[in-house]
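Below is one structure, written out as structure tokens; comments come after it.
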């Protein structure tokens, strides 16, 4: 693959500040221009162009067959592209396909000419061959073919880049039953349980947790920045309990446990339908002057998809179900929404489900329903009141064909809040990352991928603390978590909470060696 790309791009790279290194096309000004040009690049295309992977095989045939439907669907979703961009993408694809067919035909003819010349050389001595009109004609035709290919390869590379830089921004197709519009148009599918009743005004989770000294979020801007937090004692045990409760349930149901890297290349993010180069982005980018193209994952979905990237699985092993607990990092934009509390934070622990299925919507849709059923089972066993939403077109992002969210009731906030999400990405991710399965006959086909939240710890902590709070300030522990905490109630701590001794306080304590104030 790399050799083929180098051969074809050779005449083109010289004029673009590139040189060939070890079979790859390498930009000598890459590190110098990374910070300023990164947002204009497509790492997924570059990854393939440099020979590390095959080019994404987008389903352009379906798009070209029903362009009007694709254009309507494009306008109903959020994203950079609109229906007016579609004709240009299609025409570029068609031109590229015709050019590749022309190149393929010439390459086949070139091979045939080479074989014919070789046969003449074998059957005649050198002096006879040089005088043979057929030999001279074949040599002339060979030179003409090479000349044509030398002109066509750069054109192919230019069209290829033009196509992929736009086509890779196209979203997945949309399920016909998905509601149209923004999040306000979400369709309620199920409502489970009842709102907890209180004989007092319910408090918010942060007020509850600070009095129990199990969450600390104050005075951390100089320690770990805004939207960070500490969990202590029962707070930490609640996190471990939620993670272990979820992992145990899913492993018992046949899921394979995984751990994944927190640092991943941008190509994996883009293959999953995320944009590490967006401005602003929710993805933390590691300093490119030291570590070229490394990013902190905001979900284990990225690492799990990367595990299957450029690999095939056996058909008999489908569907594959993976589960992973990881720390997630998200650069939440400073919109002023939820500035305090655990609802929007920069780091949190989450258990993620990830599935790989065979082709066809039936199999991936069944797995999506299975994941949703497991989510509902987990929340039901935790005793939470929640509702299941069929998310509308503008909430699907790039990769989702269909997406279900679950919102749990949070009494202190006085409203529902999202706690889980489940998406069927069909073959959107697999076509970009080459996640495939091998049939019994040995044929490779693109798989479908499905992902779902198993347990997002901070938001479940909100729902649990606010739903199980008591008038005396204690919090009941749901039976499902009691084995992990060793108690049925979280009560006021027996220890003395930390006392702040830093600046900006009304009455400062006397430090060692400091004279008493008069």
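Here the Cβ of each residue, glycine as well, is placed from N, Cα and C on the backbone.
The structure displayed is predicted, hence computed values, not measured ones.
Marked as transit peptide by Swiss-Prot on the basis of experimental evidence: 1-34.
Residue 110 (N6-acetyllysine) has a Cβ environment of 17 other Cβ atoms inside 10 Å. Under the heading N6-acetyllysine, Swiss-Prot lists 110, citing similarity to another entry as support.
Residues or ranges marked as N6-succinyllysine by Swiss-Prot: 195 (among others). Around the Cβ of residue 195 (N6-succinyllysine), the same chain contributes 385, 409, 411, each under 8 angstroms and 6 or more positions distant in sequence. Secondary structure at residue 195 (N6-succinyllysine), taken from DSSP and collapsed to helix, strand or coil, is coil.
Among the features that Swiss-Prot reports, L-serine binding site is placed at 299, 300, 301, 352, 453, with the record citing experimental evidence. All chains included, 23 other C-beta atoms sit within 10 angstroms of the C-beta of residue 299 (L-serine binding site).
The ATP binding site annotation in Swiss-Prot covers 330, 331, 332, 345, 418, 419, 420, 421. Following the DSSP three-state reduction, the secondary structure of residue 418 (ATP binding site) is strand.
As annotated by Swiss-Prot, N6-succinyllysine applies to 337 (among others), with the evidence given as similarity to another entry.
Per Swiss-Prot, the feature region 'Disordered' maps to 497-518.
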Return the residue, from the listed binding-site residues 421, 453, with the maximum count of other C-beta atoms within 10 angstroms of its C-beta.
453
Of the binding-site residues listed (301, 352, 418), the greatest number of other CB atoms within 10 A surrounds the CB of 301
Quiz question: given the binding-site residues 300, 345, which has the greatest number of C-beta atoms lying within 10 angstroms of its own C-beta?
300
Considering only the binding-site residues 301, 352, 453, which fall within 10 Å of residue 330 (ATP binding site) when distances are taken between Cα atoms?
none
Of 299, 300, 301, 453, i.e. the binding-site residues, those within 10 Å of residue 421 (ATP binding site) when Cα atoms are compared
453
